[in-house]
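Chemist: Please read through the structure below; I'll follow up with questions.
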């Protein structure tokens, strides 16, 4: 083809860097194991949905082998974030089981037939039959290797620009295909480079196939290895076809025909049996390449996702190198044989600097020299077009080549030697599980979005509901499953509520009038349309506890509480503050009691929360400062509204409030003595959220539902003041302050004290999104 890096060099730098755009996705396999590191023999968990219809969670060869799949996303970071979120969701749902973090299998049953093949019934029975055939050909133990598949598509607009700028005579479709095919050929030629640097399966447990164990040397307790191996998964003992075969990579048609010929000759049972290190993938149009699937990557057991983000960048850099580097010959059978031998050498001898690798001309070279040469080629070819965000990846690549001790295999061998194969990997599995629990409110890759939205999308992903982020800043998403589509904003603004109901909740005057008409108690008060009008009524409010607030407010903005209303200047300040935010202001009697947030979905109270100001409880020996530091270690606490609770601050405001009580940061509270650092109970200032769903009498819940029905709302957060939970609701012992049209769900899902009320699930239920299993039955 008439394509070289010279064409790329002729483009403006800002345009040439677009070559690093595209879409990215990951497929990851993990074996489920028990607490001893033995293969779990239990069925695929029902909590993970139906494996045949779930878009993100399924099984691979074995019923015990979970596969998680991300959708194509426009950056590696987003795709890895989605992968990590799926990993967290799966890990948390497992009961007394763990995700094995290593590509090499865990402790396997002695008899191969005891390894459960993934079960598929009904119309999907063929998938199980196919796996049974693979078991006969390869054995079940060989199929228990797991790995990472990295899916990458090249940027379409860049390819179009490249075609136009290069004044190519061939049609764009042919030009595009040529670029993809050239990239594949060069990847296959040089794949040994990635295996040598990124391999992470150097050791195998003794329960693996006896034929392979007999070839290996003892390494650690119950573990064996090739002395210089980087990736047993990629060598003669690993996950590969029974024989090497050569495909025609000239064009997509040639490739497909050569693959089909192997099926017709019974070399392969099915084209799915092509275990090549890279696959060419099409979708609805079989004549058009959609993306490339890189399949040679081991799980990196030092990372929860199995992927070092910098190594993902390295793979992308390497793929761009394969696109750009010159290609002098077609990928002949002889070249393919050389590439296969190089793969075997890299996988089996990759830690031996003196191992032999054949260069592009077929000449034998020392491995260390060829690594350095390949790095230099990549730097010269790719660096001029490297975006700033990929510089760390390039620097990591340089470290891996120049310092063998920095490679995952080298570090892994030291850990296994010291602790044991099973012991070390189980320690990693437990560490990752704890991290998953600690971060169970995060959608990785979407951490800039509201926490409530992240929670909703997490549960949507677990249910197999696909989603699109329509407006990231507005937290506006589209949910879709089995032909059903719903739009949601800020997790709780949905199609279930009509526009007039939202307006009624937004306008506090209207809210009060509607509730009054329904005979539901609200604070007595008046509305004012000018500061002078409100100030004129000061004599009426003097000496009474009042609340001054804008007509339309949220998050407590513009609200002033005056409990002893004896100073006109304080009253005037409150009026001025409220009118800064709204043209109409309410002045109401202050309602006594404690404030409770009722969350209502479809005429049901699904959560009730009480908020307590920032505080610490003494242990008799620690100062307030130490107690705050310790309390802030809770993984639910963070900064910037990215966690369910905020860290308690030790600043001037807290210092002044402590001083007003006769305390300081150095005060040592008595055991069980509670000291408050703030007067307001906002979560945003370090307050505690306490679940009261099961403690509030039913009479108050009934009133809350009546209030929601009066405004004809299906999802709302209702704030109610209650004098005492020891009494049932009466005419004078409660008051509804307001109803909110976009209430946060995260405070109910992860309270400081109490259980998760799963409001994310409740909203998905209300919208009609079932689990993946039920969706599959309906589809």
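The backbone N, Cα and C atoms fix where each Cβ goes, and this holds for glycine too.
The following feature annotations were taken from Swiss-Prot:
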- 1-346: region 'Glutamate--cysteine ligase' (REGION)
- 512-768: domain 'ATP-grasp' (DOMAIN)
- 539-597: ATP binding site (BINDING)
- 719, 738: Mn(2+) 1 binding site (BINDING)
- 719, 738: Mg(2+) 1 binding site (BINDING)
- 738, 740: Mg(2+) 2 binding site (BINDING)
- 738, 740: Mn(2+) 2 binding site (BINDING)
Chemist: Which one, from the binding-site residues 547, 587, has the smallest tally of other C-beta atoms lying within 10 Å of its C-beta?
Modeler: 547
Chemist: Using C-alpha atoms, which one of the binding-site residues 539, 547, 595 comes nearest to residue 740 (Mg(2+) 2 binding site)?
Modeler: 595
Chemist: If you count Cβ atoms within 10 Å of each one, which of the binding-site residues 563, 740 comes out on top?
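Modeler: In terms of Cβ crowding, the pick is 740.
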Chemist: In angstrom units, rounded to an integer, how far apart are the Cα atoms of residue 539 (ATP binding site) and residue 738 (Mn(2+) 1 binding site)?
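Modeler: With the alpha carbons as reference points, the distance is 26 Å.
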Chemist: Taking the Cβ of residue 595 (ATP binding site) as reference, which residues of that chain separated by at least 6 in sequence fall under 8 Å from it?
Modeler: 610, 611, 681, 719, 720, 721, 737
Chemist: Which one of the binding-site residues (719, 738) has its C-beta surrounded by the most other C-beta atoms within 10 angstroms?
Modeler: 738
Chemist: If one looks at the chain holding residue 571 (ATP binding site), which residues at least 6 apart in sequence have a CB under 8 angstroms from its CB?
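Modeler: Those within reach of residue 571 (ATP binding site), by Cβ under 8 Å and sequence separation of 6 or more, are 535, 538, 541, 548, 562, 565.
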Chemist: To the nearest whole angstrom, state the Cα distance for the pair residue 547 (ATP binding site) and residue 738 (Mn(2+) 1 binding site).
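Modeler: Rounded to a whole number, the Cα-Cα distance is 13 Å.
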Chemist: Cβ neighbours within 10 Å, counted over all protein chains: which one of the binding-site residues 539, 579 has the most?
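Modeler: Sorting the candidates by Cβ neighbours within 10 Å, the top entry is 579.
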Chemist: Round to a whole number and give the Cα-to-Cα distance in Å for the pair residue 587 (ATP binding site) and residue 738 (Mn(2+) 1 binding site).
Modeler: 14
